[in-house]
């Protein structure tokens, strides 16, 4: 497990406006908790704590939306 910005396909972070959205998103995928990191490295994006290794996280490099 690890902490990180949960990722959409193509290395894009999930944008957010509130903690409830991120907590639901993160815990649905097995994380302990999640919150909306306001004005973080990737803008307002969901950060997950103790996210399972099989769930993709945002890594350095460009976001390539479909």
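Placement of Cβ uses the backbone N, Cα and C atoms for every residue, glycine included.
Record features, source Swiss-Prot:
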DISULFID  12-63  disulfide bond
DISULFID  16-36  disulfide bond
DISULFID  22-46  disulfide bond
DISULFID  26-48  disulfide bond
DOMAIN    2-64  domain 'LCN-type CS-alpha/beta'
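Shown here: features listed in Swiss-Prot, placed on the structure.
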| residue | record | Cβ within 10 Å |
| --- | --- | --- |
| 12 | disulfide bond | 17 |
| 16 | disulfide bond | 20 |
| 22 | disulfide bond | 26 |
| 26 | disulfide bond | 23 |
| 36 | disulfide bond | 20 |
| 46 | disulfide bond | 27 |
| 48 | disulfide bond | 27 |
| 63 | disulfide bond | 12 |
Looking only at the disulfide-bonded residues 22, 26, 48, residue 16 (disulfide bond) has its closest CA neighbour at 22
Restricted to the domain 'LCN-type CS-alpha/beta' (2-64), the mean pLDDT of the model is 96
Quick note, residue 63 (disulfide bond) and residue 22 (disulfide bond): C-alpha atoms separated, nearest Å, by 19
For residue 26 (disulfide bond), the closest of the disulfide-bonded residues by C-alpha position, picking from 12, 36, 46, is 46
Residue 36 (disulfide bond) to residue 12 (disulfide bond), Cα to Cα, whole Å, comes out at 15
DSSP tally for the domain 'LCN-type CS-alpha/beta' (2-64), helix/strand/coil in that order, comes to 10 helix, 28 strand, 25 coil
